[in-house]
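Straight from TrEMBL, the features:
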DOMAIN    9-233  domain 'Glutamine amidotransferase type-2'
ACT_SITE  Cys9  active site, nucleophile
BINDING   Cys249, Cys395, Cys444, Cys447  [4Fe-4S] cluster binding site
BINDING   Ser296, Asp358, Asp359  Mg(2+) binding site
Amino acid sequence: MAYEVHDACGVFGVWGVPDAALMAYWGIFSLQHRGQESAGIATWVPGTGGAGRIEVHKGMGLVSEVLSPEQEAARPGSVAIGHVRYSTQGSSSLANAQPLVMDSRYGQLALAHNGNLVNAAALRAELARAGAVFQGDSDSELLAHLVARSGHAGLEDALKAALARLEGGFAFVVLSDAGLFGARDPAGLRPLVLGQLPDGQWVLASESCALDIGGARLVREVEPGELVRIGPQGLDSDRFAPPVPAAACSFEYIYFARADSRLGDRSAYVYRRELGRMLAREAPAEADVVVGVPDSSLPQAMGYAQELGLDYDLGLVKNRYIARTFIAPSQSERESGVQLKVSAVPEVVAGKRVVLVDDSLVRGTTSRFIVQLLRQAGAREVHMRIASPPYRHPCHYGIDTSRDQELLAARLPLEAVREAVGADSLAYLSLEGLTTVLGGAGFCTACFGGRYPVPVPGRSGVPAAGVVH
Ligand code: AMP
Ligand code: SF4
């Protein structure tokens, strides 16, 4: 099966504030965990006599490397959108950095998106046949071309028609002289929330943590299949697709969202602590101390320890100034990256039976290294506990994982995974345990169970054969 470009990203949009670009800067700064490859901000610069134009600043790297608050504070315009991008190697280029700016019959548009379309290849071929010329390989460009080619008189109808043709996981923010638009895929796979500033202006963001910094309060999620339009009239809501069963990404709860972001009625942190508690009930270990892989797995480790009345301690410390290792292009780079990222504290683990809790195990690079690290620091036993189910199927909706053959649990039975990571015992949270903590149905768990809520061309939806657990 062809491997598609995956964009796990963060988006932000604000309308009607004097320092829109600066607010977008702090917004995407707070979403940095969602993407470290490129960053950008587009603003609508008003012109004389009502005319205006879009101005974009973007580049490869972290928000603080590409943009500066001083420069953004000096930009005119009261509307802005921002984007951080995180993609697989191969698709990494400035042409894919967002926001993307395009001229259309509706005037200039700037688009930023998070997610992955499962019908991107089909749409791209169709548009290319019709004469579309692509600058990069991002899904935003597909939407822009669909909008540009729509026969509708107004931008809002053109957007609705174009969005209705998209299949997969997506959250878009679109900037135009007709206002700021936000849209979320019909299953709600990718997140998008609406916030409001104390003076009533609306803000759109991938996660609520990006609202807090500008003083906005979380109002609600953009509904799956909803198109919101924010402008001088306030906020209008419309649907571009009929309702389908909800399938919010469970991996946002497990790992992706920042711990202080609100997901539904609770913060991601609280869900993660509960995942740890559930894991402890399902797979207790006889141990002296519980240690989490910093930083993303500390709430799970704490919950695990609390549930069993075990000691929780910081047996691993993290070097804060290292970029993520997960998307490094080669296995050796990933391994040396993990080595630079964490080290063990011998006083905490020496001579002890250690439970090592991680939020997920994908390729196993992190676990293998950390188990070894704990042993070198004197741990007597290392019991690995994963606070999510075995990750066996690639995500096609916008979370960058890896190909089928790289997913350790897809290739190997449990005992062989344990051996590969070198732990004394290994257990995962069950799929039932995960859905119980999340509160029942309405979530995508395709990467664990293989049931893709939105059909993926070329994938049967049947879990990998021959794996016994
Ligand atoms: P691995 O080392 O390949 O088994 O990956 C698992 C580790 O990477 C866990 O410690 C997670 O915290 C982290 N992780 C899991 N999924 C992702 C992702 N999509 N992007 C970045 N990091 C991830
Ligand atoms: Fe999220 Fe996994 Fe579904 Fe992708 S497949 S949207 S990572 S739950």
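Glycine too: its Cβ is placed from the backbone N, Cα and C atoms.
Mean pLDDT, taken over the domain 'Glutamine amidotransferase type-2' (9-233), works out to 93 on the 0 to 100 scale. Listed binding-site residues: Cys249, Cys395. The one with the lowest count of other Cβ atoms within 10 Å of its Cβ is Cys395.
All protein chains included, the residue listed as 'active site, nucleophile' registers 29 other Cβ atoms within 10 Å of its own Cβ.
Taking a Cβ distance under 6 Å to any atom of ligand 1 as the criterion, the binding-site residues Cys249, Asp358, Asp359, Cys444 reduce to Asp358, Asp359. Highlighted in sequence order, Gly169, Leu189, Ser250, Phe251, Tyr397, Ile399, Thr445, Ala446 have their Cβ within 8 Å of the centre of the Cβ atoms of Cys249, Cys395, Cys444, Cys447, the residues recorded for [4Fe-4S] cluster, and are not part of that set. Between Cys447 ([4Fe-4S] cluster binding site) and Asp359 (Mg(2+) binding site), the C-alpha separation comes to 14 Å. The 10 Å shell around the Cβ of Cys447 ([4Fe-4S] cluster binding site) contains 27 further Cβ atoms across the protein chains shown. Under 6 Å, Cβ to nearest atom of ligand 2: this is the test, and of the recorded positions Cys9, Ser296, Asp358, Asp359, Cys447 it is passed by Cys447. Within 10 Å of its Cβ, the residue among the binding-site residues Asp358, Cys444 with the fewest other Cβ atoms is Asp358. A gap of 19 Å separates the Cα atoms of Asp358 (Mg(2+) binding site) and Cys249 ([4Fe-4S] cluster binding site). Cβ contacts within 10 Å of Ser296 (Mg(2+) binding site), excluding its own Cβ and spanning all protein chains shown: 21.
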